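The following features are taken from TrEMBL:
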SIGNAL    1-26  signal peptide
DOMAIN    27-131  domain 'Plant heme peroxidase family profile'
DISULFID  37-111  disulfide bond
SITE      64  site 'Transition state stabilizer'
ACT_SITE  68  active site, proton acceptor
BINDING   69, 72, 74, 76, 78, 84  Ca(2+) binding site
DISULFID  70-75  disulfide bond
Ligand SMILES: *[C@@H]1O[C@H](CO)[C@@H](O)[C@H](O)[C@H]1NC(C)=O
């Protein structure tokens, strides 16, 4: 490999690594909904807290839901699809869907079409860990 080959390889490595840095940084933010739905996080938190005070075990169940949501193709909310709820391994095992449904409809009532189901699952898991 001559100078051109080495320079091309170095450039390729730089491009690939800088691209993957872009994928790692700058997309996740804990204040993402601050302007589009300022009360989203507090609404989720209060729903999660009341679900857990009604049933202590729900915290662990909601953390598990987020964990399972992240299994196939990343944390995309697909666990909430009807066929996923009853898929092998989830059917009669994963629980807490009704809590997520309640949170989603509450959040939809204050900010229609803004907060994703995947984000609700993630924030619910976070809040469950500190409730
Ligand atoms: C899920 O569980 C219910 C109740 O046990 C059962 O009737 C149903 O067939 C199951 N669904 C699947 C897809 O395995």
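Using the three backbone atoms N, Cα and C, a Cβ is placed for every residue, glycine included.
Distribution of TrEMBL features across the structure.
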residue: 37; record: disulfide bond; Cβ within 10 Å: 17
residue: 64; record: site 'Transition state stabilizer'; Cβ within 10 Å: 16
residue: 68; record: active site, proton acceptor; Cβ within 10 Å: 19
residue: 70; record: disulfide bond; Cβ within 10 Å: 17
residue: 72; record: Ca(2+) binding site; Cβ within 10 Å: 10
residue: 74; record: Ca(2+) binding site; Cβ within 10 Å: 10
residue: 76; record: Ca(2+) binding site; Cβ within 10 Å: 15
residue: 78; record: Ca(2+) binding site; Cβ within 10 Å: 17
residue: 84; record: Ca(2+) binding site; Cβ within 10 Å: 18
residue: 111; record: disulfide bond; Cβ within 10 Å: 15
How many Å lie between the Cα of residue 111 (disulfide bond) and the Cα of residue 74 (Ca(2+) binding site)?
25
In Å, rounded, how far does the Cα of residue 75 (disulfide bond) sit from the Cα of residue 84 (Ca(2+) binding site)?
14
Work out how many Å separate residue 84 (Ca(2+) binding site) and residue 68 (active site, proton acceptor) at their Cα atoms, rounded off.
10
Using C-alpha positions only, work out which of the recorded positions 37, 64, 68 is nearest to residue 74 (Ca(2+) binding site).
68
Around the Ca(2+) site formed by 69, 72, 74, 76, 78, 84, which additional residues qualify by having Cβ within 8 Å of the site's Cβ center?
70, 71, 73, 75, 77, 79, 118
Quick check for the class: what is the C-alpha distance, in angstrom and rounded, between residue 76 (Ca(2+) binding site) and residue 37 (disulfide bond)?
20
Counting only residues 6+ apart in the same chain, whose Cβ is under 8 Å from the Cβ of residue 69 (Ca(2+) binding site)?
75, 76, 77, 78, 79, 80, 118, 121
Need the DSSP three-state call for residue 64 (site 'Transition state stabilizer') to compare against my parser.
helix
Rounded Cα distance, in Å, between residue 68 (active site, proton acceptor) and residue 37 (disulfide bond) is 26
